[in-house]
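What follows is a set of notes on a single structure, which appears directly below.
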């Protein structure tokens, strides 16, 4: 029988050990590390934007909002219709709904109006979400609206940059016009002045040639004059020597004719040469001067146009600063309004939730009832004495029977019994002693029963005394019975009475026992009741005092309840007024009004003053929020009208000192250039007039002098030819005639010399004036170069202003395309970044799931193998190895589905799991075989070793890496595993445990042998 029980126990324990891993892995599931998400993480978008027209183009910004909402979002945004979205919200398909109104695009494009309207995005959150998911949804909607605001701000800045781009194009046109004007001036001045200067130089060179020719003629004339003087001095000698004179005269005549002919030719050439050159220069100068004057007029007109354009551009630039400041403040006003509206909407939504919960709570409560004065409880009477559990009629019957028996014994005469057993009077057996003994016993029984009956509250001592007396009486009855048996062998007439007495004694004994038991129970109850009575007496006194205190407190509470009831009534009136005021507020939308009307229709029944006051406070905050939405935002106006902030914005957008200096420099140089050009034009006109008059006068005088010279030279030549043709008749007459002719020639030559001096002086004056004209032309060229340099400075200043204008939002366009990064920066110029120190957690977590089931299986196998240690050693070994191997394989198979590995790593994982299970189970068995206390200590240590990974995961400040987890994680993640080292250590542990097991088994066998020998001895 014991063997069957042992086999059943073994089978049951084996089944439990094998089933435990299966149940464990089934309960934790295939992926215990997976986190389930409760919310749907889907938000519906209802796009009702009808669009608008901008520059004859249809625009729908609402179509761009869903893509903006989806960007950088962890939620799924679906565009649906209104009915589908609301149905999905009711069916918990969506966490929230965002409504894009029909006037979305229309209101966005009112940014450049005097009173732009702010558009709104409304949303509704799923009311079935818990607090955490609801907070996540609200945070996601807030972040999404911030992204939409950023994109809309980028859109506004895009329009502003387009306006600046138009200004930049206008500046480019202005710069191109100024460059063209400068090129026109340069093309006019440079060739005209250069040609004029070249012609003037050519004229100067021609005049210099003419002057040199005149000077050479004058030198020759001087030589001729010297020759004539020598000829006059030698003329007297010539008279004396006619032949010599005639010969000399002929030679001299030839020389004079040749010289005169050369002089006439030179004078003719000098007379004819300047005239065509003068006319050409005059015509060229007049034509070029007219062109110069015309170009100067055009230049002056262009300067006036440029000055007007520059003034308009400067005024436009200064006006742009003010417009940009106004646009900036308009945008800031819209941003603040949208922020305030969104904040008010979120506050109203939160308050609606609180109002709804408190309304339900107050509506479900009870009305306030003022109770009547409580009635005092009646004082309970003293408890009645417990009735006798025995039936009194039975007790009376027993007493009656006992009295009858006693009376019969007293009245009956003692019988006489013969010696032979018959009733004979001769030899009676004396039974009086036994009879008297029975009478005495009966009397004592009667007395004892009467005594017990008379006891109102029997005590244990009395009952024990009665029980002792009954035992004594029973013994006496038995002795009397023995005496009667000794005196007779036949029938005893007292046997009946004796039997009745015995029965009566037994009955009384049983009743006495019953009474003793009842009295014991009653005694315990009496003690308990006594204690409770004392306690109740104390409590009664305490309660009496508390009753008095409660009476006073009840009176005070009643007064307080009346006061609270009045206050609640007054607060309820105030609540009704608040509710009516909220419903009548024009700032309340129809949807909110319908929603709140349901809550406001519920009567207030709750008597909790705190809830009522809190409800009133929420209504007051709700009304204050609505009034704030209607009232003017003084804080916003104060901030927007703050002079310091406006000055800061002006300083950001106004002209810099450098740009302003450039504007002033250009503005200063343009009038100066215009005045200089006008002055130059006037001076040039006066110079042209003076130069023309002087040139005409000098040319006339030169022509007159040349004509006179030519005429005189012709006369001289004629006279010389005539003198050659006349033949001298007489020597004296011829000499006198020659002398007179020579005198005349001398005088004519003197006149010719004077004319030549006059021509030389005229030529010198012409040359001087020509030099002056050349210097004037050089001055004109210098002034033109100065004007060109100044205009070049103007162009450079305009280019710098153009660069400054292009620097304002210049990076908003790249290669003609808008730069969205710049708009994003302008919309959100401040980026808050930071770093929070966080501990780096190793993503390679220890396999706590496997360690836990290995711990449980090791403990069970160790305990089971120790419990069945008295079986055969081969059975214990087979059972131990079989259980550890099967359980290890099961654990490995299930754990590999949680931690997937390759083939080689899977084999290492399985072998290490089986070795670890063998080592832990063997350690438990060997420890318990050594001593139970050692076994329990080893169990606690093993549990602590396997629990430390869980403690390290759950406690950030605790750091410990157990060796099992290191081996498992190296097999799972590392390239170099610790399997070999771990397997060698576990094998060494197993060898040590086997040696210890063998030693403990030998010690146990020796102990049993010694005990057996001692027992035999």
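Don't overthink the numbers, they just go from 1 along the chain as shown.
Placement of Cβ uses the backbone N, Cα and C atoms for every residue, glycine included.
Per TrEMBL, the feature region 'Disordered' maps to 364-398 (among others).
Residues or ranges marked as compositional bias 'Acidic residues' in TrEMBL: 365-398 (among others).
Annotation comment: TrEMBL describes 410-429 (among others) as region 'Disordered'.
Annotated compositional bias 'Acidic residues' per TrEMBL: 411-420 (among others), in sequence order.
Residues or ranges marked as coiled coil in TrEMBL: 463-560.
Remote same-chain partners of the transmembrane segment (845-866), defined as residues 6 or more beyond its termini with a Cβ less than 8 Å from a stretch Cβ, comprise 13-14, 16-17, 20-21, 24-25, 28, 32, 876, 879-880, 883-884, 887, 891, 895, 898-899, 913, 916-917, 920-925, 928-929, 935, 939, 942-943, 946, 949-950, 952-953, 961-962, 964-965, 968-969, 972. The feature transmembrane segment is assigned by TrEMBL to 845-866 (among others).
Residues annotated as transmembrane segment in TrEMBL: 878-897 (among others).
Annotation source TrEMBL lists transmembrane segment at 909-928 (among others). For the transmembrane segment (909-928), same-chain residues at least 6 beyond its ends with a Cβ under 8 Å from one of its own Cβ atoms are 850, 854-855, 857-859, 861-863, 865-866, 869, 880-881, 883-885, 887-889, 891-892, 895-896, 899, 901, 934-935, 937-939, 942, 964, 967-968, 971-972, 979, 982-983, 986-987, 989-990, 993-994, 996-997, 1000.
According to TrEMBL, the feature transmembrane segment maps to 935-958 (among others).
According to TrEMBL, the transmembrane segment annotation covers 978-1000 (among others). For the transmembrane segment (978-1000), the list of distant contacts is 908, 911-912, 915-916, 918-919, 922-923, 925-926, 929-930, 963-964, 966-967, 970-971: same-chain residues at least six beyond its ends, Cβ to Cβ under 8 Å.
With a cut-off of 8 Å between Cβ atoms, the residues of this chain six or more beyond the transmembrane segment (935-958) that come close are 839, 845-846, 848, 851-852, 854-855, 858-859, 866, 920, 923-924, 927-929, 964-965.
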